[in-house]
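Q: Have a look at the structure that comes next, please.
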Amino acid sequence: MLSLNLLPPSNVILSKPSNRHRINGSLLDRNRAQSVRNQVNGFSPAAPIFRIPESRSDFGRFRVLPLGFSRFPSQKVGAAASGAPQESSPDGEIGAPKSGMNKKLAIVFGLWYFQNIVFNIYNKKVLNIFPYPWLLASFQLFCGSVWMLMLWSSKLQPCPKIDKSFIIALLGPALFHTVGHISACVSFSKVAVSFTHVIKSAEPVFTVVFSSLIGDSYPLKVWLSILPIVFGCSLAAVTEVSFNFGGLWGAMISNVGFVLRNVYSKKSLHRFKEVNGLNLYGWITILSLFYLFPVAVFVEGSQWVAGYHKAVASVNPSTFYLWVLVSGIFYHLYNQSSYEALDDISPLTFSVGNTMKRVVVIIASVLVFRNPVRPLNALGSAIAIFGTFLYSQATAKKPKIEGAEKKE
């Protein structure tokens, strides 16, 4: 093409196309001949001469494209055309399903369940020989505080920037968290682990009641979903072999404490959205330690020395230390795993997973401690846990119903 541009335009005549311009025995199209003439004369047409037929079945297929584009339609496009569910990127583009995310969630859920089982078993082992839940609960908060300080100092977890207003806003939730934790530990010290978890499955009942008192409204199906929880817990309580009023009230107060923690957190911490769930739990743990330990010293401090000597007389001292340490570390780890799971899944999936976690913990504790379970007790436990599942389903659909009503 460069050599043609060097020739004088007057010496080039294309009025009579030769046989070399024939394709399959016919002359070139006039448009193509005009294109050649224009190129020789150094003129570029304003409008394209050739058109791609829109009826071609392979229209839109990439043949040769730079920067790593494929010649053929991407698998993502094919998957979208097949109607399979796709995930969208922040820019609105459709992406392939993330199989790695499913593996991550499986690992997080597995760790969450495993750590919870380990905590409940060794927590109960310690309380069986050292029945001082206030000291044990304080030590568990101490382990969590040290763990979070290690994560922040090693930069494995970004340390949040906090100020005085954040600490003040956190005082209420931390107080209710303290109440919930120590009450559960007291319940564990007096009754079977399975019974405490059955009563703690009634937490949705307290959520609905307290939220309604501050102005929240729930549809009828939510109220109906808590009825089997109440009935199941009542049936499990009256048929529990290890029934103890102290254990019952401890689990009930624990429900109240954790529900008020959640309700109060929504009111006081809504301005601090830059602090993620794990960091928030870390600061709650630290403040709860300062709340709990002085009270623990006052309540049962005078009995710790005699209780310690009695405990190490029943088991090897190193075994006792190991049990206490495991209960403290795994108490924080299972809570950390729950926050990591909640960051990656919907609240509905988390609620269902939490319900199944109680089932797994109850079964594991019965197998380890061989607690006698009556048929009616097992039936009441199953009804209560099933009610918790119904509640999670009912509350998950609540926002969608409200959205539909607004559209109408």
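For all residues, glycine too, the Cβ spot is worked out from N, Cα and C.
Just lifted these from TrEMBL, have a look:
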DOMAIN    104-392  domain 'Sugar phosphate transporter'
TRANSMEM  105-122  transmembrane segment
TRANSMEM  134-154  transmembrane segment
TRANSMEM  166-189  transmembrane segment
TRANSMEM  245-264  transmembrane segment
TRANSMEM  276-299  transmembrane segment
TRANSMEM  319-335  transmembrane segment
Q: Count the Cβ pairs between the transmembrane segment (245-264) and the transmembrane segment (166-189) that lie under 8 angstroms and are 6 or more residues apart in sequence, then report whether there are at least 3.
A: yes
Q: Note the mean pLDDT of the domain 'Sugar phosphate transporter' (104-392), expressed as a whole number.
A: 88
Q: Under 8 Å for C-beta pairs, could you tell me which stretch among 134-154, 166-189, 276-299, 319-335 has the largest tally with the transmembrane segment (105-122)?
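A: Between the candidates 134-154, 166-189, 276-299, 319-335, the best contact partner of the transmembrane segment (105-122) is 319-335.
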Q: Should the transmembrane segment (319-335) and the transmembrane segment (166-189) be scored as in contact, given a threshold of at least 3 Cβ pairs under 8 Å and pairs 6 or more apart?
A: no
Q: Under an 8 Å Cβ to Cβ limit, what residues of the same chain, 6 or more beyond the ends of the transmembrane segment (166-189), are close to it?
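A: For the transmembrane segment (166-189), the far contacts come to 120, 123-124, 127, 131-134, 136-137, 140-141, 196, 199-200, 246-251, 253-258, 260-261, 264-265, 268-269, 271-272, 275, 280, 283-285, 287-288, 291-292.
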Q: Give the nonlocal contacts of the transmembrane segment (276-299) in its own chain as ranges (CB under 8 Å, at least six residues past its ends).
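A: Result: 134-135, 137-138, 141-142, 144-145, 148, 151-152, 157-160, 162, 166-167, 170-171, 173-175, 177-178, 181-182, 269, 332, 335-336, 339-340, 342-343.
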